Every structure is written in structure tokens, then in C-alpha cells.
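What Swiss-Prot annotates here:
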MOD_RES   Ser15  phosphoserine
MOD_RES   Ser16  phosphoserine
MOD_RES   Thr19  phosphothreonine
MOD_RES   Ser24  phosphoserine
COMPBIAS  25-46  compositional bias 'Polar residues'
MOD_RES   Ser26  phosphoserine
MOD_RES   Ser28  phosphoserine
TRANSMEM  102-122  transmembrane segment
TOPO_DOM  123-141  topological domain 'Extracellular'
TRANSMEM  142-162  transmembrane segment
TRANSMEM  169-193  transmembrane segment
TOPO_DOM  194-218  topological domain 'Extracellular'
TRANSMEM  219-249  transmembrane segment
TRANSMEM  270-290  transmembrane segment
TOPO_DOM  291-306  topological domain 'Extracellular'
TRANSMEM  307-331  transmembrane segment
TRANSMEM  377-398  transmembrane segment
TOPO_DOM  399-418  topological domain 'Extracellular'
TRANSMEM  419-442  transmembrane segment
TRANSMEM  447-470  transmembrane segment
TOPO_DOM  471-580  topological domain 'Extracellular'
DOMAIN    494-549  domain 'Kazal-like'
TRANSMEM  581-603  transmembrane segment
TRANSMEM  613-638  transmembrane segment
TOPO_DOM  639-672  topological domain 'Extracellular'
TRANSMEM  673-690  transmembrane segment
Amino acid sequence: MQGSKGVENPAFVPSSPDTPRRASASPSQVEVSAVASRNQNGGSQPRESEDPQKSTEPSPPSSTLPASDEPPGSQLSELEEGPCGWRNFHPQCLQRCNNPKGFLLHYCLLALTQGIVVNGLVNISISTIEKRYEMKSSLTGLISSSYDISFCVLSLFVSFFGERGHKPRWLAFASFMIGLGALVFSLPHFFSGRYELGTIFEDTCLTRNSTRCASSTSLLSNYFYVFVLGQLLLGTGGTPLYTLGTAFIDDSVPTHKSSLYIGIGYSMSILGPAIGYVLGGQLLTMYIDVAMGQSSDLTEDDPRWLGAWWIGFLLAWLFAWSLIMPFSCFPKHLPGTAKIQAGKTSQTHQNNSTSFQHMDENFGKSIKDFPTAVKNLMRNTVFICLVLSTTSEALVTTGFATFLPKFIENQFGLTSSFAATLGGAVLIPGAALGQILGGVLVSKFKMKCKNTMKFALCTSGVALMLSFVFIYAKCENGPFAGVSESYNGTGEMGNLTAPCNANCNCLRSYYYPLCGSDGVQYFSPCFAGCLNSVSNRKPKAYYNCSCIERKVDITSTAXSPDFEARAGKCKTQCSNLPIFLGIFFITVIFTFMAGTPITVSILRCVNHRQRSLALGVQFMLLRLLGTIPGPIIFGVTIDSTCVLWDINECGTKGACWIYDNIRMAHMLVAISVTCKVITIFFNGLAIVLYKPPPPGTEVSFQSQNVVVSTITVEEDLNKIENEG
């Protein structure tokens, strides 16, 4: 072997028209490419060894190769494996993290932070933000959707250009944007001034004058744009995390371990909302203006109470920015990536439209290549089927994640806070467990692409059978005065106003349910005709109620007045809650067990160079067809079961107060089963259409085009033999 640069191979670094150069390659790298070339040439030459270490011709160690005459940093190969650090600073302590497990740890922390902010703190703070900044629900709904809008717009471009870039540095950028988004989201608190308490509202029958219709505007609602900006920044940070980060993990580990690592990473993004809800819930018990203190007579039960929603976003900002430095120190590829890729075999779906044979090694560097790359992906029928199956599943999962607490609250007569706690206790652990189990099973049995899709099909089938649990969870509505029950035989059905409360001028926009001693539920103390209350009792008690027929005294204390109603809903006679929660928990596990296998199948069925873009297309369509319309479809469906609407003094319809429980259960079953059937159909179609490549086909990782790499390596080998 002669020369000062060893074996030259332009396949490792795409040539540039301005500065054409050839990067050095070790003999082991040459042999890996040579083996791939023999496979691509139809096996005309016998294959010597799959392992570069077992070559019949001994290779000298890389340390014996002469040093390059090129300046430092100029001989970078496409596989830039190296130590952890920055430029020439590589502390030994950082090298312990320079492996897949070290990267996975930081990936999980960032995914956890993103989940805490986007799906935890934002959701639990929405109602507080509505009250503090006097916004309508339509505006806060747009705030929530801004994250998905940003993700959809950027996912394709980030995944396309980031595929050839330095993925860990992209994740450092993601950490910066997630932290910045959390910081911006908290800024309105610091610029809106001190929260001003209004007068307490007592909704008893005070024989007051009717409230006039008045509309007012507030400058506080202009902070809406700041919240939207924060969500857009969060979406910008989330895009590289779930596209480039997932592809980097898949690069760095063997095929059979990829599903395990991806499953663990995705499970952290699911546990994030749980932590966000717990953290946000605790912070909401603190008064909003922490530094100024609170009034001594103001408690959490007061309708005027607002919690310190903003503190959690500041904590997330600091934690996200603490991950910027760790991600920036990782090399472009972890040590050992080339050896791992050399041992992988291709599972790309084979047909005439997905060959992705581009003769230009610079393909993918220019925006002009973007339409061609997307068009190539869209022609991959297996990929499209898998994406459509995930969008259908995302529609139903996001719908249930949004409205499951409402379903539990109305079906079983629970408070909204307790219903939300039960919903989170079922959804989040079940989803995380399902993601991990799916990844573990695929990894343990070393499933190929087709078997992975079959596994996802089976888990979706089990989830379909369990979806009928909502039929058995249905509970009939209890008696409600003015809705399903008359006021002691007076008044009209469907009208909350009756002769017993006609002079009270009650507000229908103020829903404060109470249970009468007659077992009937009333809309509010005012509509029950109650004149007095005792607030030092838990729950609050009311008496002198003209609309309640006295039957049984709630209290047995002789010295106390005759209480006729207590605050809160009447207890339901439905006892199916434990069974429903148990079966639904199992349903969630099987639903999310298909998540990781489908992601792995998408990574396998597309060209190796298009994995990041494939994930970008998947997440874009998943949001456009799944997570964005999902809550809307569920919301419209649930609203169709409403029997009593909030109508204010201006005649404007607001939220729904009472639902038809039986109809709601049937409608949710219909949506769930329909989406599951669509998921199973496209999953099964992907299995039927999938055509694996010939056995032994290796993954082309080091160049855009295997043919170009093959010809170049053979020319270099011939040159060496002639010189030798």
C-alpha cells in the first residue's frame, strides 16, 4: 500500500463542485463497501465474510496508516464517529456517555420535558388562563392547536435537511426552542400586572333585579398572541425530537434493539403529561401572585381563586436549556455506528417506484430535491398504509385523552377534578406500559418488518374487542329538576324556571349543582329557591329552599336548622366504575403496544436515507388527519348528546351542562370501533403489499447511492493492486 492518504473513497463525502476532495477510508470500511458491492452486482463473486474482521487478507491497524496532508477537519467522512466534546476539548468524563445508552438518557429527559410542558402544563393551565386573561374557549382552543400547526409546517423540512446534518446538534437546537417556548409562554404573567379580585358571587335566591346583557372587551385578551408564539416555538422544538432523534437512535443500535430504545424514548413523552398534571396541580394550589401574598379570606374553594400556573413553565425552561450542552457534545455518529450499520440487512419495501436510485451524491442538499424525495415516499404503498393506520389510531387516542375525564364525570356523577385524576391514572400509565411492552417484545423476538406489522395488527384487534367496554359503562341520568324531573309537579320539562323560583332571576350561565333531600339534583341554589346557606360546613349546606319538597333531613343535629340541600351532585347508583377503569386500562395497553412496532416498521420499509423524512411525513399527516381533527370530532359528537346548554343573559350559547349518558356511551363506541377498523384495515393492507428485498441485501449507509459507492470502491481496489 503506497501513498500518504491510504485508500481514497469519494463515496464517504459527497463531492463539491468547488472543492472536490477524497476522504480517507480505513481498510475495514473498504471491505464493508466491497461486500455490499458484490451483493448489488447480483452475487457474481463469492461473498468472503460478513465481518470485516474476518477478511482472508489481513488489514493493518489504522494507527499504522500515514497521516494525511490535509488540514485538520478536512478529512471528515460521512460517518463522523468521534469522542464527546467540543472542537479540541474532549474531557474523559464525557466519554462514559458517548454510547447509545448515554444518548437515550438525554433523549428521554428532553422528551419528558416536552411532554410535561406541551401536554401537561399547557392543558392544566388553560382554564386558569381563560379566567386571568378573559379569553373565550375558542381562543384558548386555538392556543392549544398552535403547537400542532407549527409541527405540521416544519416537520417535512426539518426531517429532510436534518437527515444529512448533525442530528445531536439539531436536538440541542430542539432543547433551546422548547426552553424558549416555555419561557415565552410564562411572560404574560410578568407583564399583565397584579391580579385584581372581583366581588364574590352568591348564587342564592335574593329576589334581585334581572342582569342586563352587557359585552365588554379587555386588553388582557391581547396576550393571546404571546401564548400562540410560545406554542409555535414549542412546536419548532418538538419537530427534531421525534423525527431526527428517533432516526439517530435507529442508526446507533442493532436492528433488534431499535424497538426497545424507541419504545423507552416514546414512553417518556407519555409520562411527561402525568408529571405535568401533578406538578401543575400542585402549583395551582399556590396563589397566582406568589410574591404579593393572598387575602386571608380567600381560599381555593372561592370561584375567584387563581393558582400560580406560570411557575411550572419557568422550571421547564431552565431544565430544557440545561440539556443544550449535553446534546451539543455528542459526535455526528456514536462510536461503533459503522460496524453496526455494516451488520444490518435491508428490509425496504421493494417495487419499481421506490428504488430511490439517484446518481447524484449531492441529492438531498438542495431544496430542489425536496419534492422528488417526498414524491418517492408517497409512492411507497406500504409506508402510506402504515401512516394512515397511525393517523386513525391517533384520532381516537387524542379524542379520548381530551374527553375521557368528561365521560367519567358525567357517567358516574364525579367532580371534574376527581374524574380528571382517574382518567390520567388510567390513560398515562397504560400508554407508557404499552409503548415499552411493544418495544420489548419486538426486540426480544427479533421481529422482521413483516412480523412487526403482524404483531401490531394483533394488538389492534384485541383493542378493538375491548372497545365495547363503553356500552357496559353506560349509566342512566339521575333525576334533574327542570330537565328529567319536574319541580314538585310544577313547571315544564326542559325549562329550569318554575313558579317556585320565578322571582329569583337566576343565571343559567352559573352552574353550581346541589343535591336536594328529595334525591333530585338542582342546577344551582338559586334554581332550587334556596334563601340561606351555611358555609362552614363541608359540603356547603342550604336551607329555606322553596323548590325542594322536604322528606328527610340531611343532618340529625337537633340544634341545627333544617338543611334541605348540600353542594355537589347527587351520588349515582351506577357501580360499574371499577370494572370500566380496569377494562379500559387493558384497552389502552393493547392500543399503545402497536405504537412502537408501527414506528419501527416505518423505519424499515423505507429507504435508509429517507427515514427521517418518513417520520416527518408521518407526524405531519398524523396531526393533520389525527390529533387536530380528533378532539374536534369527539367534541362535536359529545355536544350532540347535550340536553341542557349554558345560555347567558345575552342569549349566547356556551358550554353544555347536562348530557344524555346512554347516547354518549353509544356514540363513543361508534367512533372508537370505526377508527379501530380503519387502523386494522390499513395495517393488514400493508402486510399484504409488503415485498421484502432479497435475503442478505445490506443497508447502504455510507452513500446516497449504492451503485456509486460500489464502482468507486472497486476502482480504488484495482488501483491498489496495480500500485502494489
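If you go along the chain as it appears here, the first residue is 1 and each next one adds 1.
Any Cβ shown, glycine's included, is placed from N, Cα and C.
A quick note: this is a predicted structure, and the numbers were derived from the prediction, not measured.
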Spell out yes or no: are there three or more C-beta pairs under 8 angstroms between the transmembrane segment (613-638) and the transmembrane segment (447-470), with each pair 6 or more apart in sequence?
no
For the topological domain 'Extracellular' (471-580), what does DSSP give as the number of helix, strand and coil residues?
10 helix, 25 strand, 75 coil
Among 142-162, 219-249, 307-331, 377-398, 673-690, which stretch has the highest count of C-beta pairs below 8 Å with the transmembrane segment (102-122)?
307-331
Where, among 307-331, 377-398, 419-442, 581-603, 673-690, do we find the most CB pairs under 8 A to the transmembrane segment (270-290)?
307-331
For the transmembrane segment (419-442), name the stretch out of 142-162, 169-193, 307-331, 377-398, 581-603 with the most CB-CB pairs under 8 Å.
581-603
Check for me, if you would, whether the transmembrane segment (219-249) reaches the transmembrane segment (142-162) - at least 3 Cβ pairs under 8 Å, residues 6 or more apart in sequence.
yes
Using Cβ distances below 8 Å and needing 3 or more such pairs, separated by at least 6 in sequence, tell me whether the transmembrane segment (673-690) contacts the transmembrane segment (142-162).
no
